[in-house]
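Novice: Take a look at what TrEMBL says about it:
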type: ACT_SITE; residues: GLU62; note: active site, proton donor
type: BINDING; residues: ASN49, VAL50, GLU51, ASN52, VAL53, SER54, TYR55; note: substrate binding site
type: BINDING; residues: CYS60, CYS94, CYS97; note: Zn(2+) binding site
type: DOMAIN; residues: 8-135; note: domain 'CMP/dCMP-type deaminase'
Amino acid sequence: MNGVVSEEILTKLVKQAILAKEKAYAPYSNFRVGAAILCDDGTIVTGCNVENVSYGLSICAERTAVVKAVSEGKRKFLAVAVTSDSNADSTFPCGACRQFLREFGDYLFISVSRDGQKRTQSTTDQLLPHAFLPENLSTNKQKNDHKF
């Protein structure tokens, strides 16, 4: 899958995720996360985590980026890069974010170490191999035909 996206663009995507992490609002956990999505038109849309004192109202960086992209009319993604303040070599999304990302197709996922030096690549399908997708709905197929 990474044959579709050049190394130059992937490097830019990773840098944008790192910059997005710097904008995170995480006063309670101090765990900042940044995400950057490459849309099919070449646009990169970023997101960061935004915490709330009522923890359940917090939103992850991945979902912030997806919501921002969709609100700008983007529906087709080629890749997403995610990084955090973790000391681990990679950062992977929570279950809700995996489902949210997978809603928009099977595309490249890049987990980036906090310093940006190490990358782990997979796909959104590998992150959530048995995702709940539009075709899983038991209602009228025509009515729920998913247009991206």
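Residue numbers in this text run from 1 along the chain shown.
Cβ atoms are placed via backbone N, Cα and C, with glycine included.
Could you place the listed features in the three-dimensional structure?
Specialist: Counting only same-chain residues six or more apart in sequence, the Cβ atoms lying under 8 angstroms from the Cβ of GLU62 (active site, proton donor) belong to VAL33, ALA35, GLY47, VAL80, VAL82, PRO93, CYS97, PHE100, LEU101.
Under DSSP, TYR55 (substrate binding site) is assigned to a helix (H, G or I) in the three-state scheme.
In the structure as shown, the Cβ atom of CYS97 (Zn(2+) binding site) sits within 10 Å of 24 other Cβ atoms.
Across the range of the domain 'CMP/dCMP-type deaminase' (8-135), the DSSP-based residue counts are 43 helix, 33 strand, 52 coil.
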Novice: Over the domain 'CMP/dCMP-type deaminase' (8-135), what does the predicted model average in pLDDT?
Specialist: 96
Novice: Pick from VAL50, VAL53, CYS60, CYS94: which of these binding-site residues has the biggest number of other Cβ atoms within 10 Å of its Cβ?
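Specialist: The most densely surrounded of these binding-site residues is CYS60.
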Novice: Return only the integer: C-alpha distance in Å from VAL53 (substrate binding site) to CYS94 (Zn(2+) binding site).
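Specialist: Between the alpha carbons of VAL53 (substrate binding site) and CYS94 (Zn(2+) binding site) there are 19 Å.
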